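Below is one structure, written out as structure tokens, with a few remarks after it.
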Amino acid sequence: MHEFSVADAVLERALETAADHGTAIIEELTIELGTATHVNPDQLTFCLETIADGTPAADATVTIDPVEPHARCDCGWDGEPPTLDVSGAVAPNLRCPDCGERLELVRGKECRLSSITVPDADSSAGNGDDPMRIDETGD
Amino acid sequence: MYPTRTRIDIDRSTAYSSRLNTVLATALKIPSTLRCHRFGHDDHEHDHDHGGNEDDVLARFREQAADVHERVVHDNDVTCIEFLGATGSGKTMVLERLAERVPAEERVGVVVGDVAGEDDARRLEEHGVETVTVNTGKECHLDASLVDDAIDSFDLEQLDRLYFENVGNMVCPADFPLGAQTRVLVVSVTEGDDVVRKHPLLFQACDATVVNKADLADAVGADLERMRADVTDVAPGMDVFETNARGDDGVDALADFLDGHEHDHETAHAYE
């Protein structure tokens, strides 16, 4: 039952991002959730909806995108490992299909806020149908 | 109802903090109409750079663990090992047997996680180790921030070894490393010889397995070979130690492994 603390951290990040953009309402939260974790998507959704009460995300739709494991091996193998052949089958098979050594997961263990959807800040202010897009510039 | 919506994509890139600051600094100078704010989205998933995972909650927990690791192992040169597994698997007794093997001149600390009570701490203190009990109350596992607070109670500069004994739990600790060099999963044959198959993600998150109460295998109909084979299937390459901690059998091999593993800890899975 750590979905509550996970939800709390996700919501905090979403509210920060919304505040940075000067919006008072979050309509949707999208979360990428690795399937090689013990975070339960239904419980996470329930916890988020519960603790969002009274915040700008109170009525937000929570969307959870499952992320399947992706692994790499020192031998160069790179791909989605098969599911472990045990009852329940909730874990990846971490034996490299090529060399037999242990794989390391590079995806599948995340719980990442990937986007929030907010109302248009000011649809009459002149940019029309050409939404302003700011790509990261790096430094 | 709102006629239009903005989707704000959250960056996954490694240098997220600095990029976010740059982008926001730019954004704040631009008046209104910020409809689509999309950050870069490159693909450096295996990121250990602190601050690079602000939006990945589980990665942040792992970063907290890495901070504990840095503080204990690197800043203070303390050997740090976590023991986890189900209630009654024998974590505390394995720790007692290891404590008995510690040279007299060494100082040992244990962070003892339990939902309630100080029973384990009392037992360990009889072996001359310093303890800090973390009663998690309504939480089912230790996390790195709890541990970070708990180790304030130790004089880390004077400590030689620090053990974390997690709350008895075979689920949640898989997602919550604590920053130890080595995570040792203690199971017992009395949990059933299918215990490995039932908890694959936890085994994959650990560095060694202790199969305790091995002397009772026949009595409870547990197949030790099956347990070993399951560990190999679930976590290829993982070392397995059969022990009878109460009778002090098999503990030497574990102690030797742990002493050797500390020198190789950068390759461990302990905080990834």
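Using N, Cα and C of the backbone, Cβ positions are placed for all residues, glycine too.
For A:His2, the entry in TrEMBL reads Ni(2+) binding site. Mapped onto three states, the DSSP output places A:His2 (Ni(2+) binding site) in coil. The local packing around A:His2 (Ni(2+) binding site), expressed as other Cβ atoms within 10 Å of its Cβ over all shown chains, amounts to 23.
A:Cys75 (Zn(2+) binding site) falls within neither a helix nor a strand when secondary structure is assigned with DSSP, and so counts as coil. The Zn(2+) binding site annotation in TrEMBL covers A:Cys73, A:Cys75, A:Cys96, A:Cys99.
Marked as region 'Disordered' by TrEMBL: A:117-139.
What TrEMBL records for A:130-139 is compositional bias 'Basic and acidic residues'.
Here the Cβ of A:Cys75 (Zn(2+) binding site) has 12 other Cβ atoms within 10 Å, regardless of which shown protein chain they belong to. Within 8 Å of the centroid defined by the CB atoms of A:Cys73, A:Cys75, A:Cys96, A:Cys99, the record's Zn(2+) site, lie the Cβ atoms of A:Asp74, A:Gly76, A:Trp77, A:Pro97, A:Asp98, A:Gly100, A:Glu101, A:Leu103, excluding the listed residues themselves. Taking the Cβ of A:Cys99 (Zn(2+) binding site) as centre and 10 Å as the limit, one finds 13 other Cβ atoms among all the protein chains shown.
Closest in space to A:His2 (Ni(2+) binding site), of the binding-site residues given as A:Cys75, A:Cys96, A:Cys99, is A:Cys96, taking the CA atom of each residue.
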